[in-house]
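Below is one structure, written out as structure tokens; comments come after it.
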Amino acid sequence: GKLLDRVYNTYLLMHTHQTVEFVRRKSAQYGSCSLRRMSVMEALELLDQLVDESDPDVDFPNSFHAFQTAEGIRRAHPDKGRAGARPCPRRPPPRSPAPRVTRRRSPPDWFHLVGLLHDLGKVLVLFGEPQWAVVGDTFPVGCKVQKLRGSLPVGAQPLPTPPSLSEYMYQVMKFNNFALPKEVSSAWGGPPGGLGVRGERPQSASPPPQAFYMIRFHSFYPWHAHGDYGHLCSEEDRRMLPWLRELNKFDLYTKQEELPDVQQLRAYYQGLIDKYCPGQLCW
């Protein structure tokens with residue numbers, strides 16, 4: 001049908017034009033965070049104008065999907081986000097009673113915010129980028145591309161080999177935060193962190209590394225859903241995998257025709273934004 005044709009054409013353009021050179025050029029263009037200034041809620045409101053052409057399940061603005069995902073996490077995990085204390089090695093009992101120490105734990109709400117913000121990079125489309133450069137499942141560039149399972153409609157024709165495979169038979173480094181990108185650059189776009197964001201006001205709390213990892217790699221379905229590219233993973237990546245899969249449950253299975261009442265939910269999520277990423281941000 002028309003919707004599935006739209007999905008296939010988006011991935012066709014993506015696998016035709018996403019090359020190592022393209023990734024480098026776009027990373028340099030947006031890495032300085034000098035595009036514009038706006039708050040997180042203003043960016044979310046921009047997504048009212050975006051319908052993701054790579055998604056065969058929805059045909060409504062992406063802003064609603066953000067709130068659907070966040071609310072799905074909030075219902076299932078009202079206290080999810082507690083990092084928990086690492087187990088301590090056994091020690092001999094002290095000679096005198098030690099004072100009781102209260103361990104500081106991560107606040108329980110950052111996972112809800114991850115659900116709200118996981119697709120925020122798609123505002124790049126509204127800044128003038130074509131959808132094939134922003135949306136859809138992430139795949140590596142500059143190395144052999146494994147089978148793209150789950151991204152295309154059933155029965156669709158196979159996609160061509162991206163030009164990057166013939167141009168570059170080496171792996172390049174795009175980001176330095178985690179191990180996977182040290183081994184291979186991902187296709188540039190919104191979900192993997194193609195759009196840089198920098199805050200100017202101090203936040204009252206900082207999300208743990210799991211939050212940033214989920215936002216960055218949640219669209220890397222060939223790895224976290226199908227097990228491809230496992231040879232590029234580090235122990236850190238494997239430790240993060242359960243978090244990616246937990247987010248994936250709500251990213252995929254909260255899409256409904258019944259849209260959330262955003263105005264009713266706004267106050268709760270504005271509180272999270274004020275806590276973790278307040279004020280005007282540089283994009």
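Every residue gets a Cβ built from N, Cα and C, even glycine.
Taken from TrEMBL, the feature Fe cation binding site covers His65, His118, Asp119, His218, Asp251.
Feature annotation from TrEMBL assigns compositional bias 'Basic and acidic residues' to 72-82.
Per TrEMBL, region 'Disordered' is recorded for 71-104.
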Listed binding-site residues (His65, His218), ranked by Cβ neighbours within 10 Å, top entry: His65
Other C-beta atoms that fall within 10 angstroms of the C-beta of Asp251 (Fe cation binding site): 23
